[in-house]
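Annotated active site, proton acceptor per TrEMBL: HIS176, in sequence order. Residues or ranges marked as NAD(+) binding site in TrEMBL: GLY10, ALA11, GLY12, GLN13, ILE14, GLY15, ASP34, ASN96, ILE119, THR120, ASN121. Residues or ranges marked as substrate binding site by TrEMBL: ARG83, ARG89, ASN121, ARG152. The domain 'Lactate/malate dehydrogenase N-terminal' annotation in TrEMBL covers 5-143. Annotation comment: TrEMBL describes 148-311 as domain 'Lactate/malate dehydrogenase C-terminal'.
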Amino acid sequence: MARKKIALVGAGQIGGTLALLAGQKELGDVVLFDIMDGVPQGKALDLAETAPVEGFNAKLSGTNSYEALEGADVVIVTAGVPRKPGMSRDDLLGINLKVMEQVGAGIAKYAPKAFVICITNPLDAMVWALQKFSGLPANMVVGMAGVLDSARFRYFLSDEFGVSVEDVHAMTLGGHGDDMVPLIRYSTVGGVPLPELIKMGWTTQEKLDAIVDRTRKGGGEIVALLKTGSAFYAPAASAISMAESYLKDKKRILPVAAYLKGEFGVSDTYVGVPAMIGAGGVEKIVDLELSSEEKAGFEKSVASVKGLIEACKTIAPALA
Ligand code: A3D
């Protein structure tokens, strides 16, 4: 059986980490694409030279030509610019929308059958635009944000409880902004929902509120520390888990930015919801029942995403 092919559009901080993880996990051969001459080629060569030491079999190559995406099974898009301290994700909209137009055309021409994972910010609006620009079926185009946001939530919870990260499951809903909705009721430690753990005296509502707040601002915390860019290890690991679920038809239920056609009462919008990822792309959306408080938080987050989508339509009338 021929190896799968993974194309990474954008060979920056996240792109390079994606290539390393895809290689180490032997998900397939990897092509790194970027507009910067020499960067994807240099990173691919450096990573190929890692393979003998790490003992993985994957061909890694770098390119400045979209042609190299030909026949990719998975395309992961990080092309664009990240934020710097003081910037919100939304400040990136104008510049990254133009990038999505070019990337969408490249994918449509060379990899129309691929499963496409967008990471470029502002995430929910960019994946919406990328799906429209590429014309690929909506179930084959998703955004990565929820896996990362819930990984941050899981990490903070495991730290609070002093338990393995493996036994902490957490769910975040909504757009990838500071108004995302970490769901306390649907998050568990060793299978026990967080509200029960408060009753059991393991933690307090105040401590959980502080963790929820830190989760919401988790991206900004790292931007403030790094000063020159945004998080890249955990975002890359999160996207790789989505790619792996698709390539191996694992049917994992992961929080992803998926195209909604009425689920959660939302239409023609990409926003973070739990979804099953398998060989058919997004195979099912888990249309959870929300409490009135959760619903209010989710609706506020969806309203922010819709505002950004409207801004995209103003900048690029072809999307209207
Ligand atoms: P960075 O290291 O700057 O890499 C971006 C790469 O994109 C650079 O190598 C650029 O040369 C390249 N690029 C720019 N324009 C184009 C183009 N037209 N075609 C192809 N390549 C191009 O950034 P990064 O890897 O740290 O982050 C990439 C994106 O991911 C940014 O928009 C971040 O805001 C976003 N991000 C999202 C999350 C989510 O959870 C959604 C988390 C972290 C970062």
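Using the three backbone atoms N, Cα and C, a Cβ is placed for every residue, glycine included.
A map of TrEMBL features onto the structure.
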| residue | record | Cβ contacts under 8 Å, 6 or more apart |
| --- | --- | --- |
| GLY10 | NAD(+) binding site | PHE33, ASP34, VAL77, THR78, ALA79, GLY80, THR120 |
| GLY12 | NAD(+) binding site | ASP34, VAL39, THR78, PRO82, PHE232 |
| ILE14 | NAD(+) binding site | THR78, ILE119, PHE232, PRO235, ALA236, ALA239 |
| ARG83 | substrate binding site | ARG89, ASP91, LEU92, ASN121, VAL223, SER230 |
| ARG152 | substrate binding site | ARG214, THR215, GLY218, ALA234 |
| HIS176 | active site, proton acceptor | ARG89, ASN121, PRO122, LEU123, ASP124, GLY143, ALA145, GLY146, ASP149, GLY219, ALA257, GLY272 |
Exercise. For ARG89 (substrate binding site), which DSSP three-state class applies?
Worked result: helix
Problem set entry | Contacting recorded positions for ligand 1, chosen from GLY10, ILE119, ASN121, ARG152, HIS176 when the Cβ sits under 6 angstroms of any of its atoms | GLY10, ILE119, ASN121, HIS176
Exercise. Rounded to a whole angstrom, what is the largest C-alpha distance between any two of the residues GLY10, ALA11, GLY12, GLN13, ILE14, GLY15, ASP34, ASN96, ILE119, THR120, ASN121 that the record assigns to NAD(+)?
Worked result: 17
Problem set entry | Reduced DSSP assignment, ILE14 (NAD(+) binding site) | helix
Seminar exercise, completed: If you rank the binding-site residues ASP34, ARG89, ILE119, ASN121 by how many other Cβ atoms lie within 10 Å of their Cβ, the lowest count goes to ASP34
For this session: Find the longest CA to CA distance in the recorded substrate-binding set ARG83, ARG89, ASN121, ARG152; express it in Å as a whole number.
Result: 19
Problem set entry | Residue counts (helix, strand, coil, in that order) that DSSP gives for the domain 'Lactate/malate dehydrogenase N-terminal' (5-143) | 67 helix, 25 strand, 47 coil
Seminar exercise, completed: Averaged over the domain 'Lactate/malate dehydrogenase N-terminal' (5-143), the pLDDT of the predicted model comes to 97
